[in-house]
Every structure is written in C-alpha cells, then in structure tokens.
Amino acid sequence: MAAHQEKKTSEERKHKSTQNDTQTSQVQWGRAWEVDWFSLASILFLLMFAPLIVYYFVMSCDQYQCSLIDPLIDLFTGNKHLSDIWNKTPTLTYRAAGIYALWVTFQVFLYVFVPDFCHKFLPGYVGGVQEGAVTPAGVVNKYEINGLQAWIITHVFWFANAYYFHCFSPTIIFDNWIPLLWCANILGYAVSTFAMIKGYFFPTNAKDCKFTGNFFYDYMMGIEFNPRIGKWFDFKLFFNGRPGIVAWTLINLSYAAKQQELYGQVTNSMILVNVLQGIYVLDFFWNEAWYLKTIDICHDHFGWYLGWGDCVWLPYLYTLQGLYLVYHPVQLRTANAIGILMLGLIGYYIFRMTNHQKDLFRRTNGNCKIWGKKPEYIECSYMSVDGTKYYSKLMTSGFWGWARHFNYTGDLMGSLAYCLTCGFEHILPYFYIVYMTILLTHRCIRDEHRCFSKYGKDWKRYTAAVPYRLIPGIF
C-alpha cells in the first residue's frame, strides 16, 4: 500500500514536472509575456524618438550638408530655433502621396496576384509555395515566395522608363525624399495600429497571440505572430521584404542619377554602394525561402517594431551612404576602392556561406558534408503550445563551430564596407555600422535567451561546444 502510494506520488511529480517544462517552453518561446521596467523604458524611448532620429538624419543632409553637429550648434547658440528648421522642411505633397500610394499598391499586386515563375527557369532558386517554421502554437504556414520576381519586374520597369519611356525622372525618389518620409510614416503607423486592433478582435490564429497587458509593449512588439488577410497576404513577410527592401536598390539608383545630374558623373564610391548593397538585396530575395526560418519570421510578432521599422527605418537609414554621396561626392583611389570592394565581398561570402551551411544541414537533416566532413551537431528537443514534442539539431562544425552567429560577423564586415566608401569627413554615413553592431549584438543575446528558454539544458550543451558568439576567441 505504502509502496503503491509512493509510486503514485512519484508519477504525479513527474507529470507535474513535465507540465511545468511545457509551460515554460510555451511562455518563453517567441515574444515575452511580461515586461520589465528596462524593456518598457526602451520601448517608450524608441516610440518617442525613433521617428525624430530618422527625421534628424534626413534633415541634416537637406539643410546642413549631412553634418550632424551643425544643427545642434545652431540650436544651442540661438542662431536658429526648432521652428526655423521645421519651417524649412518640405511638407507632405499630393505628388509624393500619389507616388507612394502607387508604389505600395504595385508591390501588393506583385506579392498577392502574380504567382512566382522564376523558380521554373532559374536553377537553384527556391520560389513558389513554401512552408515556414512551426509556430509556438504548432502551426505551419504556407507562403508564396515571389520576392525575386517582384524585384526583377520592378527594376525592369525602372530601367525601361529611364532609357525609353521617360514617364518620370530617375531622380524622382531623391527629389521627393522628405515628402515621401511623411507618407512612409503614415503607412508605418497605420499598419501597426491595424495589426494591434486585428490581434484583439479578429486574429488569424488566437493561439499564436500574446498579450502582456502593457499597451506600449504590445503595440511595439506586436500581438499576432502571423497576421494575415486572406490566404496569402502575410503582413510579416510582405513588410519585411516589400516594399522597403525592393525600394532599397531603387533608392540608390535614384541617388546615382542625382549625382550624375549635379556633377556630370557617378563616382566610384557611389558605384560601390550600389553594387555592394545590391548584392545584399539580391541575396535576400534569392534566399527568401530560407528567410522563413530566421528570427524575424520564427520569433518576432508583428507590431510597430516591424511595421513602422520596415516602412521608415529601413529605407531611410539603411541608404544613408548613397544620400551622403549626393551631397559629398567621393572619388576613391583605385587601391582604396579595391580594398573596400574586397572587404564587402569577403563579408558577403562569410555571411552567405555560413547561412548556406546551416540551410544545407537543416534540409538534409545532417546527412551532408560541411568542409568535406560529416557535420557535428547536438540534438535538442522542445515543446509547442499543444504539448507536442519536437526535435532539432544544432550544428557545431563548419563556420558554426567558429562562432554561434558567424553569419552576423560577415554581415558586419559588409556593413563596414558600405560606410568606408564615404571617406572620413563626416560621421553620418557611419551610423549604419554602429547601428548594425548594436542590433546584431542585441539580436545575438535575444536569440540566445529564446533558445535557452526553448531548449533548456540542451542549449547549455551547445554553448559549451561553441563558446563564442561573433568573433572566435574574443566574443
């Protein structure tokens, strides 16, 4: 009797422990459920000042030849008041509103109504209908991968207009840059607000929603995991890739056209910016199916952080090098240009090959060769909301044996190359490398916190096998 009771109690403890483990996984996998004071303060800071930061950078180029210091000097010395700077800022125009509305509508059309055909004739390209990762609720969403196709069609129209039709000037983006900023902000706030309302009243999947009870945190970080309208319009994938990233290369082309118009030539530094950033953009769309397995899609909910960020922050601050070179054309010495090009290409190679190794490992379930050898890995397990147990393998060889986020290291090398094209006269173009260093370091920590919460003791075994995050032997 006592032995039976002891066995029963032991089983109850075991069952309760399993429940607690599952609940921990449910609570921690994905976005946070609770908000600490530091997180809340950070969110309030970003909500209040991120739009002002974007405006300040663009305004400094428009009114102060890209100097970040001169506006502050004018304000502190009393030479100018905030109203003087604001009154010189171009306002929203009907022309800019029309351009932006047409642009977004065109990208929505390409995303929703034009099924991918590139995968049918481009060897090695994975497009068409693809499955995403398992969500915390155990759902596997399907996506129409057609970003490369949208990018090609858009740029064919751009060049056809520039050389044959002449319906608009190639400098149209630069010429309406600040009025377009107001349009981008309107869309960013509108889609973020709509996503929050949708999460409360008509979510796509209620089990993949998270509510902290803190309005500001939920607004910024999002409630719904994968908000959708209809079968194919996925907010997260659309705004992450289109319209911001498709526009990235068009914005740089508009900068180059403006440089040609103003100075009669396009400098080698501007060409480098267009080439290196163009490679990055094309890589994104060529590997859009792979992107479905990244932290943005697998863990981030859709709120202001992604909605406004992809509409405003990305196109306006990721293109600062080209904007700077319109105001300060830099003709690099041949040796410097080659050095910067090599840094960018090596960084891209590391970024791409690191991700390729991970993708190959996942697709083959480890039945492949990395650097001529069978990859080493640690097997992990985790629970979804419905209590289903899943298994993953974390690779510990190849580039992934050097550091846990060595793809970010390559990304940072490329980011530095973009900035170096601009010389050293101003700090504005170097905002990108500073920002990316902070972003990717924070992403390392954020990703690892989630992985620890998701995998538990298995994650500790992994970090013991691969002790460094970004730079082997240092960090």
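Any Cβ shown, glycine's included, is placed from N, Cα and C.
Note that this is a predicted model, so its numbers are computed, not measured.
Annotation comment: TrEMBL describes 1-14 as compositional bias 'Basic and acidic residues'.
Here TrEMBL flags 1-23 as region 'Disordered'.
Cβ atoms under 8 Å from those of the transmembrane segment (37-58) belong to residues 68, 71, 89, 177-178, 181, 185, 214, 216-217, 219-221, 304, 308, 312-313, 316-317, 320, 323, 428, 431 of the same chain, restricted to positions at least 6 beyond its ends. Summarising the annotation, TrEMBL assigns transmembrane segment to 37-58 (among others).
Per TrEMBL, transmembrane segment is recorded for 92-114 (among others). Tertiary proximity for the transmembrane segment (92-114) is limited to same-chain residues at least six positions away from its ends with a CB under 8 Å from its CB atoms, namely 144, 146, 149-150, 153-154, 172, 176, 179-180, 182-184, 187, 230, 232-233, 238, 242-243, 246-247.
Here the transmembrane segment (148-165) has long-range neighbours at 106-107, 110-111, 114, 116-118, 122, 125, 127, 242, 246, 249-250, 253, 257, 281-282, 285-286, 288, meaning same-chain residues at least 6 beyond its ends whose C-beta is under 8 angstroms from one of its own. Positions annotated as transmembrane segment by TrEMBL: 148-165 (among others).
Sequence annotations record features per position, and here TrEMBL assigns transmembrane segment to 177-197 (among others). Same-chain residues lying 6 or more positions outside the transmembrane segment (177-197) and placing a CB less than 8 Å from one of its CB atoms are 51, 54-55, 58-59, 62, 89-93, 95-97, 99-101, 104, 218-219, 222-224, 227, 235, 239, 302-304, 307-312, 315-316, 323.
TrEMBL lists 262-282 (among others) with the feature transmembrane segment. Beyond the ends of the transmembrane segment (262-282), by six or more residues, the same chain brings 148, 151, 245-246, 248-249, 252-253, 255-256, 318-319, 321-322, 325-326, 329-332, 337, 340-341, 344-345, 348, 414, 417-418, 421-423 to within a C-beta distance below 8 angstroms of the stretch.
The transmembrane segment annotation in TrEMBL covers 302-327 (among others). If you look at the transmembrane segment (302-327), the same-chain residues 6 or more away from its ends with a CB under 8 A from one of its CBs are 47, 50-51, 53-54, 57-58, 61, 65-66, 174, 177, 181, 184-185, 187-189, 191-192, 195-196, 218-227, 235-236, 239-240, 243-245, 247-248, 251-252, 255-256, 258-259, 262, 267, 269-270, 273-274, 277, 296, 418-419, 421-422, 426, 428-429, 431-432, 435.
What TrEMBL lists as transmembrane segment is 334-351 (among others).
According to TrEMBL, the feature transmembrane segment maps to 415-440 (among others).
Counting residues 6+ beyond its ends, the transmembrane segment (334-351) has Cβ neighbours under 8 Å at 268-269, 272, 275-276, 279-280, 283, 399, 406-407, 409-418, 420-421 in the same chain.
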